[in-house]
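Undergrad: First the structure, which I've put down as structure tokens, then a few questions once you've had a look.
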Amino acid sequence: MDKIIIKGARENNLKNIDLEIPKNKLVVITGVSGSGKSSLAFDTIFAEGKRRYFESLSSYARQFLGGNDKADVESIEGLSPTIAVDQKSTNQNPRSIVGTITEIYDYLRVLFARVGTPFCPNGHGQIKSQTPKQIADFLFSLSPKSKIQILAPIEIKKGYKINDVLNNLRNQGYLRVLVNNEVYQLDENLPQFLDNKKTDVAIIVDRLILNIDHQTKTRALDAIEFALNYSGGEIAFKVNDDIHYFTQNDVCQVCGFKIKEIEPTLFSFNSPIGACEQCKGLGYNYVPDERKMIPNPNLSINEGGLDYFKNTVNTTNLDWQRFNSIIKHYKIDKTKPLKELDRKEIDLLLYGSDEAIEIDITSANNKKYSSIDYVEGVLELVNRRYQETSSELAREHYNKYMSEKVCKSCKGKKLSSQALSVLINKINIIDFIEKNIDEAIDFLLHLDLNEAQTKIANPILKEVLDRLGFLKNVGLEYLTLARPASSLSGGEAQRIRLATQIGSKLTGILYVLDEPSIGLHQRDNDKLINTLKEMRDLGNTVIVVEHDEETMLAADYLIDIGPQAGVNGGYVIAAGTPQEVMQNPNSLTGQYLSKQKDILVPKTRRSGNGHKVILKGAKHNNLKNVDLTIPLGKFICVTGVSGSGKSSLILETLVKAIEYTNFNPFVIPGEYKDLIGASNVDKIVVVNQDAIGRTTRSNPATYVGVFDDIRTVFENTIEAKARGYSKSRFSFNIKGGRCERCWGDGTIRIEMHFLPDVYISCEECHGKRYNDETLQVKFKGKSIYDVLKMPIDEALVFFENYPGIHRKLQLLVDVGLGYLELGASSTSLSGGEAQRIKLAKFLQRKPTGKTLFVLDEPTTGLHIDDVAKLIKILDKIVDGGDTVLVIEHNLDLIKVADYIIDIGPEGGNKGGKIIATGTPEQLLSKKDISYTAQYLEKYLKKN
């Protein structure tokens, strides 16, 4: 069968649709936000494919895979095995890096274990082990008649007493030992050796005068074999007065630096064998931060300059009294601003006394106690409490004084010194993974290996280079293999999974992808489209939910779902080739693709309010000492290829620098020299795509504050007044009006212990969250539950006579969310929906003319028509006098900006510079160095 035939799909808002999708083609599903694209692609096609696969497994296997409900569809024919590559489930494990999730690091561990060469980290050259034959050859090369002692070195392990070790050797029957080059008879009284001093101990296995006769050789070889076995591969010869050390292990002959057996586990930072002992393989330690302890050095101790003691200074608090002993003993002035104290005094306050001092304590019943002891400083106190506490609440309190600091032992490289001493072509494994993908490919292609090493390395190199090539082909060449997985955007994580799938070379698979172009610059879009076509050409069906114009035009088959969102969507409006969809007068997507509809370029650009914020010398991550000027009162767009440094400059440095300067001294911005004009900003609003709440109790109505107003309306109904119900009666979070069986959740969680928890609708309230008495109170014939189930569009009309409610709902409609239910669970919302809800909340405030709005890729998940609505909202903010700063790749949004800041020219180490600034028209003069300018020119002409 060459088609997937879907009949009667009714999942979510789908309207009983019938659809035929050609197999082994690149199929794009598009439509306005909330129209039903994901309901068709993920909740119907993928869900049914997964369910059928699970049903083919044994009942024993299925019990570990959780519930897989049948999609609400009559039938699907021609379905292949399905794989979803979405933007969810980004790994938050701090130990996961790009190298581990792509499995490239596993191959590298084998490569370094088999081909790497150990070198002494103290500069003593290559570390070589010797074979027993080489050791014996050295012995027999000595001058005849030489006096030889064959020694088995003993390692005195930590915690063991030297005399106890020697007594144990005596009990084993040994006669003589060499201790610090002195011979001792074990059957005589031994001196008491100091355990805290470095002591070299060796058993004298044999003493002989070197001859070349057979008997002497045999005796010497037996002694060598015994010494090597006893000492774990170590041996020494005392020749006259000189000692010569040899080893079968990897040990430096000069300084004794020893390497464990070189196996792949030595290079794993998740294994105790390879991980740095101090940071346990994380590369950083969590330690108290002086900047957080002294957020305002203009304050004195009495004024709360030491933040931890600000509420207990000069009280009977025991911690304070003990700490105050330092202040008394060293006569530190508590009334002086901390910035006027000398460094020694600050160190005493932070790190404590380096001598025992007098401590005076007065108890609650006024008894006085004195003692003499060392006193810990405030940072040491916080660190100890943080490590010792088992209370999450206390840990959270101490947490605000802590920061991640690079591990001093491994310098952030995560591995032990033994692992880091193994090199290939002068670099260790961490040096290699800190290269970006392009640099890594170049390094591997130019490896200098001998014939034997090449034979071992070739199959490993093929696997690594293939995977690196796939990452490059999906536009991720700027990433390093050491990049933490938790720092990846949804789009980056998805494209990494995409690269992994290409590497599998599977055929006959149905892939379902969710907006793979997110976060991708237009320059890299062609690479992504070629990757999708490559997957198709392997004999797979590739279904992509996408809004990107280039991807839609590259599709073999385009499906437009609509016409609108929510209850007004769920229909197949058009299906066919992109050209056929463009010719369909009912298709909104077709109208935009054919340019019958368009987002118009403004005739004039705003000149701003004349004020600026200037950031100087930004060096965070890959930023190259950047000076940034933000003209206020404008719509500003920050552009640049993926990984060029946009987020590092704006979110990590500029935003945090303004927050640190104006609002929150606990925020730690990226490195910069100076910030000028921060006083021109009285509020900074970052609108990101994080969820609006962590539980099902959060919803759009509660987040924007309209639910309080709606509950007030119900409180004022005649029925509610007659029953004496207050506003709180209509809350599903408070006892009284809510259903007590499910505590207002509407669902009940059934714990399955070893299986995933199961959620069922509450039998008492039938999922309505409230008890019957509360639901009997009606407003215009609707209960509070009915109102929460309303789409926002419908609620807007329902509450048209209530200006406060109407205004808040109108803002949600304005940002394109009219299709959402008022009570939609926050956990069911996409990142783009969450971002627009936040925007609607902030738009309730009156413009101050000094607010800076910062949005990170706000067009994520938006159809072209929704982008047009978003632009109207952003224009409204700027027209009110405030400033909008957007990090964006979408050219429809970039072309309407007043001012563009383009960062590049490339990603990673080749980026980090501002290469062009100005209006879109001014940017075109830099198209020789700016990729954004090149595509913007085409786009402006096209539009």
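Any Cβ shown, glycine's included, is placed from N, Cα and C.
What you see is a predicted model, and the numbers here were worked out from it, not measured in a lab.
Here Swiss-Prot flags 31-38, 640-647 as ATP binding site. The zinc finger annotation in Swiss-Prot covers 252-279, 739-765, and the record cites sequence analysis as its basis. According to Swiss-Prot, the feature domain 'ABC transporter 1' maps to 309-588. Residues or ranges marked as domain 'ABC transporter 2' in Swiss-Prot (evidence: sequence analysis): 608-937.
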Undergrad: Quick check on the binding-site residues: of S35, S642, S644, whose CB has the lowest count of neighbouring CB atoms inside 10 Å?
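TA: So among S35, S642, S644, the binding-site residues given, the one with the fewest Cβ atoms within 10 Å is S642.
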Undergrad: For K646 (ATP binding site), what is the secondary structure by DSSP, using just helix, strand and coil?
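TA: Reduced to three states, the DSSP call for K646 (ATP binding site) is helix.
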Undergrad: At a 10 Å cut-off from the C-beta of S33 (ATP binding site), count the other C-beta atoms across all protein chains.
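TA: Total other Cβ atoms inside 10 Å, all chains included: 25.
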Undergrad: Take the zinc finger (252-279) and count its residues per DSSP category (helix H/G/I, strand E/B, coil), listing them in that order.
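TA: Going by DSSP assignments, the zinc finger (252-279) contains 4 helix, 3 strand, 21 coil.
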Undergrad: Output, ordered by sequence, the same-chain residues six or more apart from G640 (ATP binding site) with a CB under 8 Å from its CB, or 'none'.
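TA: In sequence order, H521, K646, D902, I903, G904, G911, T932 meet the Cβ cut-off.
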Undergrad: Give the sequence-ordered list of residues that share a chain with K37 (ATP binding site), lie 6 or more positions from it, and have CB atoms under 8 Å from its CB.
TA: I29, T30, G31, V545, I561
Undergrad: Any idea what the model's mean pLDDT is for the domain 'ABC transporter 1' (309-588)?
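TA: Across the domain 'ABC transporter 1' (309-588), the average pLDDT comes out at 92.
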Undergrad: For the binding-site residues listed here, G31, K646, which shows the highest count of neighbouring CB atoms within 10 A?
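TA: The largest 10 Å Cβ neighbour count belongs to G31.
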Undergrad: Based on DSSP, name the secondary structure state of K37 (ATP binding site): helix, strand or coil.
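TA: K37 (ATP binding site) sits in a helix per DSSP.
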